[in-house]
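> This is the structure I have questions about; it appears just below.
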Amino acid sequence: MYTREMTRSIQVGGVQIGGSKHVVIQSMTNTDTRDVEATLKQIEALKDAGCQIVRLAVVNEDAAHALKSIKARSPLPIVADIHFDYRLALKALEAGVDKIRINPGNIGSKEKVKAVVEACRERGVPIRIGVNSGSVERRLLEKYGYPTADALVESAMGHIEILEDLGFYDIAVSLKSTDVPTMIEAYTKMAGLRPYPLHVGVTEAGTAFSGGIKSAVGIGSVLSRGIGDTIRVSLAADPVEEIKVAKNILKSLGIAASDPIVVACPSCGRVAIDLIGLANRVEEATSHLKHPWKIAVMGCAVNGPGEAREADIGIAGGHGEGLIFKHGKILKKVPENQLFDALMEEIYAMEKERLEQKAQEKEPVHVSQASLFDGHDRATNDRIAPHGKQG
């Protein structure tokens, strides 16, 4: 198991980024921010999928004006995405947003940057410096030839120093590239320069399929080095798909603490049950559960019994039937047409028992079987400041 890099923490609404082992999942709406109802509907869908923070594009005054209504009803902390016009950042802050994403280098003079910083300081709102390979400064492109990892890091450091010179340290940093090796190198180098929390992602990754793979390789590689405090998977798809990929990246690394893991064999000529269909049904039916059960759906007697025994619960298929295992012991043999229902009955019983145990730790609360179908600590922060300063 790798060791997580300890970073300074920032507070984004009720969500802490940095300063702990937790990795926060973010996304961005693709609605017109001026359309309050459509934007809120998408935010609700993102929350239901497992998103913890959501970013909104603020491209004009009308969008900034809509933020107040959105913020008042949003179930998630709101990040305002600002480019070029510092006045939009000020209006977003007046609307009560929880975080600002800017590049201090592209919103004008030092006085304009200072105005944004002071407004953020007054409200306790952090700033994310979002460096992107598609918008690296011309001088750095001339220096490096193209958006190299060093160019991204130098750009980020330049923006960081602008804020540090103003005595502002509630900062998060991202260094995104469409090229996976470049972004891995950039984040690795950045992690050794400042203790600010890092927002990790592959920019403009692509479609749900190809972009999901690029994001898994890039984000997963960075996180596996103990680097990264929050992630956003960027896909040309419904933003809810971004959350699905993000959650599975964290599950694959053992970082996600509350999501079930379904393992399934790839299927071969020995399989005599509808393994693929069964595995997909189990994954969908358990996606809303609140405990990281390991669930094995295996197709035959070669690896099936062993893998199923290693799981909290699982099945090993046979000829038109299957064995259900629980904590290494055979529970029963079930006909194929009853496998799904029998397996889910056991899983829901386990989840119900776990929820009741957790509820009793606080106060006795009855957990109904039906409730399982719904939706089918703040760490101590020592405020590590750059160069040993206390921010």
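Just so it is clear, glycine is given a Cβ too, placed from its N, Cα and C backbone atoms.
The [4Fe-4S] cluster binding site feature in TrEMBL is assigned to Cys265, Cys268, Cys300, Glu307. The compositional bias 'Basic and acidic residues' annotation in TrEMBL covers 374-385. Annotated domain 'IspG TIM-barrel' per TrEMBL: 7-247, in sequence order. Feature annotation from TrEMBL assigns domain 'IspG C-terminal' to 262-347. Per TrEMBL, region 'Disordered' is recorded for 358-391.
Give me the local environment of each listed feature.
Cβ contacts within 10 Å of Cys268 ([4Fe-4S] cluster binding site), excluding its own Cβ and spanning all protein chains shown: 10.
Across the domain 'IspG TIM-barrel' (7-247), the prediction's mean pLDDT works out to 94.
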> Using DSSP, what is the helix/strand/coil residue split across the domain 'IspG C-terminal' (262-347)?
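Per-class counts: 31 helix, 26 strand, 29 coil.
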> Around Cys265 ([4Fe-4S] cluster binding site), how many other CB atoms lie within 10 A of its CB?
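Here the count is 20.
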